[in-house]
Amino acid sequence: MGGDQDPLGPPDTWMLALLWMTVTVTVTVVAGGGPEGAVQFLAVGDWGGVPDPPFATPREVATAAAMGRAATDLGADFVLALGDNFYYKGVRDEWDPRFQETFERVFTAPGLRELPWFVLAGNHDHAGNVTAQLAYSRHSPRWHFPHYYYSLRLSLPGTNASARLLVLDTVLLCGGGDDFGAGGAPRGPQDAEAAAAQLAWLRGRLAAARHDRYVLVAGHYPVWSVAEHGPTACLVQLLRPLLRRHRVTAYLCGHDHNLQFLEEGGVGYVVSGAGNFVEESQQHGGAVPPGALRFFFGAPASPGGFAHLRLDAHAATVTFLEATGRVLYRVALPPRDL
């Protein structure tokens, strides 16, 4: 097979094409331990190591090991990677050694080896070559990043019910920003037409999901957060009304380097950005709706953490776990009223 030709065609051509493309990936799951079974997955953000040897932080290594234990003990059908997959400037190309050094050689626990990863991009990924992360899907059986934004249909085993997971690129939607210091908040999309196309796609997918028992939306930037970055004004304006109107079960994100659960307007907000750094700031505590924050964990000495989600016929249960294995918080979200 020749190595000179990109089967996707010239990047500008297929970039334009994917703006209008709906990608539906059907995940086949094995029933969980209950009589009806469940779909279960791990959600981890901001896990992307460092650009210098050994290319993985002690927190990333500890979190990876704990994710393996959770997958074995609690059950998991896949991993949702919530962006900032490679600090600090993403990857150069699809053969970049960082794929091995920060991903393949770190997430090696037996419970993780066979699990597919569904990936989205964060602001640090956009500082490099995100098309290379898409292309890496051809190189690794674990890495699934079909397009910048895409839809997963999840069948709840043993029932006729389904769930929908809509994966967004909030950097294309809102613009770039920096986690560390001077970069500040997202400055608006580089390509307003592409942002509008993604938003139109999302509206269509949410309307089409009206019969799904659960609808989850995932992106890198938070809608609500009490931490260093705080709420993302662009998402509060554009995304929050859609989440409420379509009775979305939960929005999952990273970007802030801690674990949070907020609830507002019937929507759960899951921040899981503690895969590589942990920060305790709650400097935007006054910027979220009163009473919205239900849980926060950002102990600087912590070895990291992540979230486990279980969707069954009765509830969508979110469990926040520290890399020690300690359960930090658990909340059960009800099925949507259909």
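Quick reminder: no glycine exception, Cβ is built from N, Cα and C everywhere.
Out of C174, C253, the record in TrEMBL bonds C234 through a disulfide to C174. Other C-beta atoms found within 10 angstroms of the C-beta of D84 (Fe cation 1 binding site) number 30, with every protein chain shown included. Of all the disulfide-bonded residues listed here (C174, C234), the one with the fewest other CB atoms within 10 A of its own CB is C234. The recorded positions considered are D46, Y87, N123, N129, H255; of these, N129 has the fewest other C-beta atoms within 10 angstroms of its C-beta. The CA atom of H255 (Fe cation 2 binding site) is located 13 Å away from the CA atom of C174 (disulfide bond). Around H257 (Fe cation 1 binding site), a 10 Å sphere centred on its CB holds 25 further CB atoms from the protein chains shown. Distance noted between the C-alpha atoms of N129 (N-linked glycosylation site) and N123 (Fe cation 2 binding site) is 11 Å. All protein chains included, H220 (Fe cation 2 binding site) registers 31 other Cβ atoms within 10 Å of its own Cβ.
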